[in-house]
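These come from TrEMBL:
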{"type": "TRANSMEM", "residues": "A:6-30", "note": "transmembrane segment"}
{"type": "TRANSMEM", "residues": "A:50-69", "note": "transmembrane segment"}
{"type": "TRANSMEM", "residues": "A:75-95", "note": "transmembrane segment"}
{"type": "TRANSMEM", "residues": "A:115-136", "note": "transmembrane segment"}
{"type": "TRANSMEM", "residues": "A:156-179", "note": "transmembrane segment"}
{"type": "TRANSMEM", "residues": "A:191-212", "note": "transmembrane segment"}
{"type": "TRANSMEM", "residues": "A:224-244", "note": "transmembrane segment"}
{"type": "TRANSMEM", "residues": "A:251-275", "note": "transmembrane segment"}
{"type": "TRANSMEM", "residues": "A:300-323", "note": "transmembrane segment"}
C-alpha cells in the first residue's frame, strides 16, 4: 500500500514538473524579446492550461502531507532554503501570469513579465536543489530531525538546480513550437534546438559532478538504475533535438516531457527502499514504509480519493482536448 | 529571537490574508452561478454582461486566494514539522482530500471557464462554473474538518507518541465543525453580497453608464447580504454551546470545567500557562458588535421598493461605508477561534512548542519577513487592480471578450499573434 501511494506521489510530482515545467520554460523565454505582442502570445499559448498545471504541485504536497506526513515535515523543513526559493518562485509565477494583463500600461505589463521570469527561474532552481538534496542524502539524526541547512550547499546541488533550469527552458521552447501559430513556431525551432543541446550539456555536468560526489555515491542504493535513467534522460533529449530538426514538434514535446518526468523516477528508484538517506547515521535513514502514514489513514485516503482519480485525470484531459492544436484566436485572450 | 513566536506570526499573517480573499471567492462564485444560470435560461444579454463584469472581479480576487493557499500548505511542512510528525496521520487526511478532490478540480474547471467563452457550448460553459462553485464549497468543508480537528481532536488514539486514525466519522461529526462551517459560509456570502452591493452603489451614486445593470446587481447584493447576515448571527451564537463544551478555556476560563482541564493538563504535560491570551476575546466582542451593526441591513430591504434605495442616495453611502466591516469581522472571528486554542496546535494533545520545526530563528525570521512582504505587496496590488476594474464599469471586461473584437485595453499596432 505504501508503494502505491509512493507511486501516486511520484506521478503527481512528475506531472507537476512536466506541466508546470513548460509554464516556467515559457516564463524564462519571456526574456527573449522586447516585443510585447510576442510575450502575450506566448503566455496565451499556456492560457487555458495554466490554472490546471500548478495544481499538480498542490496535489503532490497534499499527498505528501496525507500519506507521508513524516517525510513532509523533514523534507520541507530540512531543505528550508531550497523549498523557500521554489515556493517564492511558484507564487511569483502564479500571481504574475494571472495579473500581468490586468493593468493597461505597457511598462506595468513588462514589469509583471519580469516577475514571471524571476519566478520561473527560482521555481526551477529550487526544485532542482530539492531533488539533488534527496540524491545526496541529508544529515538526518536519530531524533528524526534534519540538522541545519548547510548540507544543501554542494556543487552537485548547484549543478542539478541549473540543469533543471536548462531542462524547463528547453521544454518551454518545445511547447511553444507545438502551440504557437505555425509561422511563429518555425521561427522558434532553431532556438528550441539550441536550448535542448544546452540542457544535454547541463545534465551531463550534473551527472559527472554527482558521480564524483562521495555523498551521492553513498546515498544511492541502486547506482546502476540511477546511471541507466540518467542515460535515458539524455537519450530523450537527443530524440527531442532530432525531432525538432525534422519539424516533428509533437514528438519533440513528448520527448522533453519524458525528460522532465524522469528525474522524479530517477530519485525514487535510486534511493529505494529509502526516501531520506542519512549522511550522519546510517540507522536514522527513513524508508518509504517508515515515512508513510499508518494503515487506517492510507485505507481511508484510498477509499475517498482514489475512486476520483479517473475524474481528476479525465477533466485535465478534457481541458487538453478542448484547447488542443495551435492557438488560433478562437478562445479569448486573457492572460 | 524566538523561532516559535516567529512561526506563529507567519502563520497568522498568511492565514489572515488568505481568509480575506477566499471569503470573497466563495461569496462571489455563488452569485456568479446565479447570474450565469439566469443568462443561459433567459438569454437576456444583461445577465451575460453581469457575469462578465463580476466574473472578472472574481478571477482577479482568486489569484491571491491561490497564492496564499499554496504558502499555507507548504508552511505546515516548513515551519510546523512536528504537526505532521505527531498528528499527520489524522490531520493530514482531510487536507490531502481537500487538495485532490476539491482544489485540483476547482482550478482545472476555472481555467476552462475563463478560456471557454465563445468556444464551448453555453450549457458546458455553465456546467464548468457549477463545478468551480461545488468544489469551492467542498474545499471549505474539508478545510473546516481539518481545522475543527485542531480545535477538538477526535477519532484517534495515541500509540508510540504518535496519533493514529481510529474513526474518521468522528471527524465529520465533530461538535466544533458544523456550526462553524455554517458561520464561515454565510460570512462569505455576506462579504460577497456586500461587495456586490457596495460596488454597484458606487456606480449608481456616480451616475455612471449602465444604470440598469448596476441596479440589478445592487438588488442582488443587498438581498444576499441581508439574508446572509441573519445566518451569520444564528450560526455564530449557535457555536458558543458546542465549542464552549469542548474547549472550556476558550471563551471564559473562569469555570469549573476549565479548572479541571488545566489540572489534568498540568498533571500530563507539566506546569505551564494553559490559558489563551486575553486579546482573543476582546476581538470577539468587537466582531459581535459588527455583526449586530450589519443586521441593520434589514432596514434597507424595504427601500428596494420603487428604488428608494437609489433615489434617497444616503443608503448608497451606507453600503459603501459598510464594505470594510465584514473583512474586519472575518479577521477578528478567525483570531478568536485560533488564538483561543492557544497554547495548543491540537487542543489538549499537541502544544505549539512541540510542533514548531527545529529551524534557526534567523531562517524563520527571513521567511517571515520575506513572505509577509511578498504576500502583503501582492494583496495590496490585487486590491488596487480590483478597485480599478470595479470602477471601470461593465463596458468591456477582458473576461469573455469576443476574440474578433480588438482589445480596448491593448493598444498595440500588430495583430494578436504576429
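We count from 1, first residue shown onward.
Glycine is treated like the rest: Cβ placed from N, Cα and C.
No curator has checked TrEMBL annotations; they are predicted automatically.
Using a cut-off of 8 Å between Cβ atoms, the transmembrane segment (A:75-95) and the transmembrane segment (A:6-30) share at least three residue pairs, counting only pairs 6 or more apart in sequence.
Outside the transmembrane segment (A:251-275), and at least 6 residues removed from its termini, the chain residues within Cβ reach (under 8 Å) are 6, 10, 13-15, 17-18, 21, 68, 71, 131, 134-135, 164, 167-168, 170-171, 174-175, 177-178, 192, 196, 199, 219-223, 225-226, 229-230, 232-233, 236-237, 239-241, 243-244, 285-289, 291.
Sequence-remote contacts of a segment are chain residues at least 6 beyond its ends whose Cβ falls under 8 Å from one of its Cβ atoms, and for the transmembrane segment (A:6-30) they are 39, 42-43, 45-46, 49-50, 52-54, 56-57, 59-60, 63-64, 67-68, 89-90, 93, 96-97, 113, 116-117, 119-121, 123-124, 127, 165, 167-176, 257, 260-261, 263-265, 268, 275, 288, 292.
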